[in-house]
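Asks: One structure is given below, represented as structure tokens, and several questions about it will come after.
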């Protein structure tokens, strides 16, 4: 789409990829379609987001699943149309292969039918982002000082070369390529984001630095040295805080620009746990200590919380933050309805006047309390919110939690409260089916962790940890 920012970012890389294929005298052609003009064609091929890339082979389309740089596009296409690993029969072949790619993996196998060679080819077949080569040539062995069966990754950054240690299994090769194909400290951008989140390493150290203030030059070299010790456990990522798009990330961590330079750790699991260092200094020793304590499980999760407003209970709808949540909500004498909202959420804004009316309706009740909490600025250990708005009733007595899935009207919410949570309970799958596009899943539109891009998760945003952010 002409207006799509991600399409504009892809355009120069797409052109470079086309030129590379032409230089290689490849029969593969690259083409583009303005889907805003060719609407019927886009609909015919199930285009739901931009950019969408499809590869047509003998007239049959397959979805593109590679990266967004020229090298990655070419590598993916060559994998789909030729051998999974290129035969390198001379030193010149090997040098050209290595020089022509930012990352290149070569398998050294005298016997291509050996178990290790088969594992290498299986790994090559499953990894589309990088080119694989294979050689049995003695001169290539001698040039790169290899003995026996070996897998070597050549790269134009950091150490320049990495040799797989240990058994040559498909699993080990995949893990090796994932960890060694990225720089020791990865700069977050549109091109790297997909690799950061598509890899097996789900624990990330984020370093928030200002390029304008010279932080990159001051801190990155030390961080690279530390990163070597944790290469397959924690991914080190640098984020340029000067970029406007990256302000979302600061918001997600509850940070302000005057805290830069800074670091945080995040574990990309279901709870998206975040960790903040006691000492903010970005020295090598402090970074190493912070990461080591994280790995050893010694750090306590950092939860965001706003200060409690003095007038939090002055209006019919009570204002909750992390610090007063448990005291107010787990009152065994009252049914407490809580709206978990996001300030930017359109559905939350639509609900606001109705919710205020609901608060007014029950303001004099001794057994019902209506409250709300900004869930983007306040986090709870016992409750994780996955869509906005989320409405939960905490019943009096046993504090049972009942989620409301009924119509967002004053009448519907009133019935829900008056029935003690009986009215408005739909089966989870039924509620999702009826209201699929109404709620905004946290992992689609929360805009709270700019770490992700639409490019990364466009194919299946609901399955990503946090999804479409930038």
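Cβ from N, Cα, C; glycine included.
Reproduced below are the annotations present in TrEMBL:
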type	residues	note
COMPBIAS	429-440	compositional bias 'Acidic residues'
DISULFID	4-7	disulfide bond
DISULFID	345-348	disulfide bond
DOMAIN	1-82	domain 'Thioredoxin'
DOMAIN	281-422	domain 'Thioredoxin'
REGION	421-440	region 'Disordered'
Asks: Measuring Cα to Cα, tell me the gap between residue 345 (disulfide bond) and residue 4 (disulfide bond) in whole angstrom.
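Replies: Cα of residue 345 (disulfide bond) to Cα of residue 4 (disulfide bond) measures 22 Å after rounding.
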Asks: If you skip the near sequence neighbours and keep only those at least six away, which residues in the chain come within under 8 angstroms of residue 7 (disulfide bond), Cβ to Cβ?
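Replies: Long-range Cβ contacts: 1, 50, 51.
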Asks: Where residue 4 (disulfide bond) and residue 348 (disulfide bond) are concerned, what is their Cα separation in Å, rounded?
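Replies: Taking the Cα atoms only, residue 4 (disulfide bond) lies 27 Å from residue 348 (disulfide bond).
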Asks: Over the domain 'Thioredoxin' (1-82), what is the model's mean pLDDT?
Replies: 91
Asks: Near residue 348 (disulfide bond), how many other Cβ atoms are within 10 Å of its Cβ?
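Replies: Here the count is 21.
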Asks: Look at the disulfide-bonded residues 4, 345 and tell me which residue has the greatest number of other C-beta atoms within 10 angstroms of its C-beta.
Replies: 345
Asks: Reported in the order helix, strand, coil, what are the DSSP residue counts of the domain 'Thioredoxin' (281-422)?
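Replies: So the domain 'Thioredoxin' (281-422) is made up of 45 helix, 28 strand, 69 coil.
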